[in-house]
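Trainee: Below you will find the structure I want to go over with you.
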Amino acid sequence: MDGNGRWAAQRSLPRTSGHTAAEATVIDVIEAARAAGVEWLSLYAFSTENWSRPSGEVDFLMHLVRRVVRKHAPLLHARGIRCRFLGVSDARIPAPLAQDFADLMTLTGANRGMTLTVAFDHGGRSDIVEAARSLIRAGVPAEALDEQVFAAHLPFPDTPDVDLVIRTSGEQRISNFMLWQVAYAEWMFPPVLWPDFRATHFAECVHTYQQRDRRFGGVAPHANGDLRP
Ligand code: IPE
Ligand code: MG
């Protein structure tokens, strides 16, 4: 979800106004994803690198996310959405916010609709290091380690690989997002700033995704010169 600061700057507003405006897009995209039949939606809200922002902006984001989580918890639950928070969850997260995350996960944990993963205090590298630690603690011998075993030690191992990553604002970077899970993701970089991104933009991305030919390193069955038996 990128471009909040630029959205505000375009309007000569403080960056925080862009974050406030982002709330409407978040709700719009959640509804659009449900309407499109998406079963797993992940929103990258705050990275392990975002702590380096000015403390005023970080504090603002912590309060904003808390307000948004509390305000929309009943709606998310009523929609049958299962909510999860993917992140380091270190002591830098204010305790009341950590409690709200835990409460929302408990409230919606048994829901069987779309799973909404909010990546907060998230870093793909950090997840991989944590998985390695977990493997060592479990005493997994080197010979027993393969991709499946490794993936089972990542947080929320039931999360499927990412099919599509949409990064708004035109920036073309991964920025440490679910590094293991995006190995074969399709990527889209719509130029629209996140606060301007709407259900229609989301639907366009889904439509484009459906036209993509995903071969996972193989050869499409209909490809010319297919040499497979
Ligand atoms: C994304 O918008 C929101 C967060 C990372 C929290 P930015 O704040 O990165 O907006 P730009 O990139 O400065 O426009
Ligand atoms: Mg940015």
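Using the three backbone atoms N, Cα and C, a Cβ is placed for every residue, glycine included.
Feature annotation from TrEMBL assigns Mg(2+) binding site to Asp2, Glu186. Sequence annotations record features per position, and here TrEMBL assigns active site to Asp2. As annotated by TrEMBL, substrate binding site applies to 3-7, Arg15, His19, 47-49, Trp51, Arg53, Arg167, 173-175. Taken from TrEMBL, the feature active site, proton acceptor applies to Asn50.
Describe the structural context of these features.
Mentor: Proximity of Asp2 (Mg(2+) binding site) to non-local residues of its own chain (separation of 6 or more, Cβ distance below 8 Å) is seen for Arg167, Thr168, Ser169, Glu171, Leu193, Trp194, given in sequence order.
Secondary structure at Asp2 (Mg(2+) binding site), taken from DSSP and collapsed to helix, strand or coil, is coil.
Classification of Trp7 (substrate binding site) by DSSP places it within a helix.
Listed in sequence order, the residues of the same chain lying 6 or more apart from Asn50 (active site, proton acceptor) and placing their CB within less than 8 Å of its CB are Val58, Leu61.
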Trainee: If you check the binding-site residues Asp2, Gly3, Gly5, Arg167, Ile174, Glu186 one by one, which have a CB less than 6 Å away from any atom of ligand 1?
Mentor: Asp2, Gly3, Gly5
Trainee: Which recorded positions among Asp2, Trp7, Asn50, Trp51 have CB under 6 Å of ligand 2?
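Mentor: Near ligand 2, sequence order: Asp2.
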Trainee: Does Trp51 (substrate binding site) have same-chain partners at least 6 apart in sequence with Cβ under 8 Å from its own Cβ, and which are they?
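Mentor: When sequence neighbours closer than 6 are ignored, Trp51 (substrate binding site) has Val58, Arg92, Asp121 within Cβ distance under 8 Å.
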